[in-house]
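*Asks:* Please see the structure below; I have some questions.
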Amino acid sequence: MGYDRLGPSGPSNPNQKDPATSLPELQKKTKTKLILFTLAVLVVGVVCFGIFAGIRAVDSGKTEPKLTRKPTQAISRTCSKSLYPNLCIDTLLDFPGSLTADENELIHISFNATLQKFSKALYTSSTITYTQMPPRVRSAYDSCLELLDDSVDALTRALSSVVVVSGDESHSDVMTWLSSAMTNHDTCTDGFDEIEGQGGEVKDQVIGAVKDLSEMVSNCLAIFAGKVKDLSGVPVVNNRKLLGTEETEELPNWLKREDRELLGTPTSAIQADITVSKDGSGTFKTIAEAIKKAPEHSSRRFVIYVKAGRYEEENLKVGRKKTNLMFIGDGKGKTVITGGKSIADDLTTFHTATFAATGAGFIVRDMTFENYAGPAKHQAVALRVGGDHAVVYRCNIIGYQDALYVHSNRQFFRECEIYGTVDFIFGNAAVILQSCNIYARKPMAQQKITITAQNRKDPNQNTGISIHACKLLATPDLEASKGSYPTYLGRPWKLYSRVVYMMSDMGDHIDPRGWLEWNGPFALDSLYYGEYMNKGLGSGIGQRVKWPGYHVITSTVEASKFTVAQFISGSSWLPSTGVSFFSGLSQ
């Protein structure tokens with residue numbers, strides 16, 4: 001299909017400057033990071049981080065492992081749970097102390113070895129930072145460095161947590177961070193796949209450095225989930241009570257009282273730390289200046305108020321170190337962050353986002369995010385979110401193909417309006433969209449509209465898209481010609497794609513088949529697509545696809561697995577916008 005994610009990227013711009021973010025201190029920072037990881041590993045009582053045993057590459061479990069030592073029974077039992085048992089055995093045997101370790105200790109060793117391999121991949125990849133690269137190659141390369149760095153951070157937290165893991169909430173954290181690390185790896189390699197025929201030695205070095213990383217994380221997921229059986233398959237994080245019919249008007253317990261007050265307070269009454277105003281009446285005139293000024297690793301909520309206006313700045317980003325940032329605008333359509341970058345500008349999809357947020361605790365309310373590149377320029381992201389515990393409340397996300405990138409970690413969207421054409425809600429976060437309006441727009445000729453493209457790659461990832469109590473609508477231009485442009489609920493980007501629509505109102509622009517193939521029979525057996533108690537002219541299930549992975553959900557117990565409380569671990573952080581929300585199925 002001409003509008004596939006990895007299809008034509010459009011003409012390149014020979015006059016465009018290198019879009020890469022300068023990383024002059026990356027190698028120094030990487031060395032510092034490795035030293036810090038050594039201390040972290042020592043703190044949790046593992047073998048000194050400086051003792052690194054190279055992990056031999058294997059054929060993903062399809063060939064006999066290259067062993068010089070026989071695995072212990074504990075290693076054999078542990079690795080029997082994994083999808084890549086030969087790699088698992090080799091990884092554990094290569095790590096000092098594994099031959100005397102019990103199964104619980106082997107989980108820790110597996111995490112540690114995987115962290116070391118990611119750290120080594122980051123360092124190896126960073127050694128070519130100053131190599132001259134074409135713009136698209138530089139974009140893919142810089143994406144990989146950022147994503148590998150984020151993965152090292154996620155795995156460090158997972159390694160520290162697995163030692164003291166004691167309850168459902170900690171289990172969910174570990175699974176989330178592992179899932180995020182795998183997603184980051186896949187996004188890195190996908191970026192190089194997008195630049196077909198380019199990359200050369202840069203691509204070879206990076207892809208070589210990240211070899212086996214996804215499989216190693218998969219093994220960590222499998223052996224950890226095997227120990228925590230509640231987390232296999234569709235994760236049910238909180239097993240203490242069923243929340244299928246429970247309704248709560250409470251604000252989430254993961255928020256401090258001050259944060260709850262901020263979320264429920266009118267904009268005019270909020271004392272912001274920074275005010276952005278185009279007319280110069282605030283602290284800064286640009287959002288970029290405000291983000292730069294915000295503290296790193298903040299343990300308290302830092303509030304940036306962006307006054308009404310149209311802000312077009314160069315690919316704004318809230319990085320991983322900018323934690324607990326809250327952006328408040330003057331309302332949808334009033335405070336507008338806009339841009340027009342696309343893959344036609346020699347960028348990977350990851351780098352096209354008008355606004356991106358990867359810092360944990362990111363919250364935004366009452367704003368519009370827009371990418372105006374248009375359907376002819378293919379992938380063009382308006383908003384990308386990859387921060388854990390992210391909340392997007394009362395916002396517009398407006399684009400065409402790939403408008404909203406729910407990249408990774410746990411996210412919650414409430415009362416938002418999302419506009420797009422092809423795969424316009426995509427990614428591999430564990431995300432719930434609740435009480436949102438989802439608008440299909442008129443695409444280019446011959447295109448089919450697909451609302452979701454979820455890219456869960458591994459059956460143990462606790463990720464997916466849950467669309468709960470939303471409205472699926474057509475924009476006026478599509479409404480006038482909807483017979484020519486079928487709209488589908490989604491298509492499977494990766495093998496274990498998972499999307500559920502629950503208690504939502506579907507317009508008659510939804511095709512009776514409901515769902516669309518990605519490429520022939522790919523993933524039709526392994527995906528999980530579900531529908532539960534939807535209504536509207538487009539909700540009929542009589543002509544829906546007959547794929548093995550498609551489910552008409554009739555059980556409240558099954559449906560409850562995709563609610564706020566269970567799917568994104570409401571017992572620990574219950575996403576909220578500061579107004580009433582429902583943690584179970586009831587509205």
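Here the Cβ of each residue, glycine as well, is placed from N, Cα and C on the backbone.
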*Asks:* Taking Cys416 as one end of a disulfide recorded in Swiss-Prot, give the other end from among Cys436, Cys470.
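*Replies:* So the cysteine that Swiss-Prot bonds to Cys416 would be Cys436.
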*Asks:* Could you look at Thr348, Thr349, Thr354, Thr463 and say which one Swiss-Prot places alongside Gln379, Arg491, Trp493 in the substrate site?
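*Replies:* Of the residues offered, the record points to Thr349.
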*Asks:* Out of Gln401, Asp402, Cys416, give those recorded positions positioned within 10 angstroms of Asp423 (active site, nucleophile), comparing C-alpha atoms, in sequence order.
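*Replies:* Those near Asp423 (active site, nucleophile) - Cα within 10 Å - are Gln401, Asp402, in sequence order.
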*Asks:* Round to a whole number and give the Cα-to-Cα distance in Å for the pair Gln401 (site 'Transition state stabilizer') and Cys416 (disulfide bond).
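*Replies:* Cα of Gln401 (site 'Transition state stabilizer') to Cα of Cys416 (disulfide bond) measures 18 Å after rounding.
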*Asks:* Looking only at DSSP and grouping its letters into three states, which state does Asp423 (active site, nucleophile) belong to?
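*Replies:* Where Asp423 (active site, nucleophile) sits, the three-state DSSP reduction gives strand.
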*Asks:* Roughly how many Å separate the Cα of Asp402 (active site, proton donor) from that of Cys416 (disulfide bond), to the nearest whole number?
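*Replies:* Between the alpha carbons of Asp402 (active site, proton donor) and Cys416 (disulfide bond) there are 16 Å.
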*Asks:* Kindly state the mean pLDDT of the region 'Pectinesterase 61' (273-571) in the predicted structure.
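*Replies:* In the predicted model, the region 'Pectinesterase 61' (273-571) has a mean pLDDT of 97.
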*Asks:* How many neighbouring Cβ atoms, not counting its own, are there within 10 Å of the Cβ of Cys416 (disulfide bond)?
*Replies:* 25
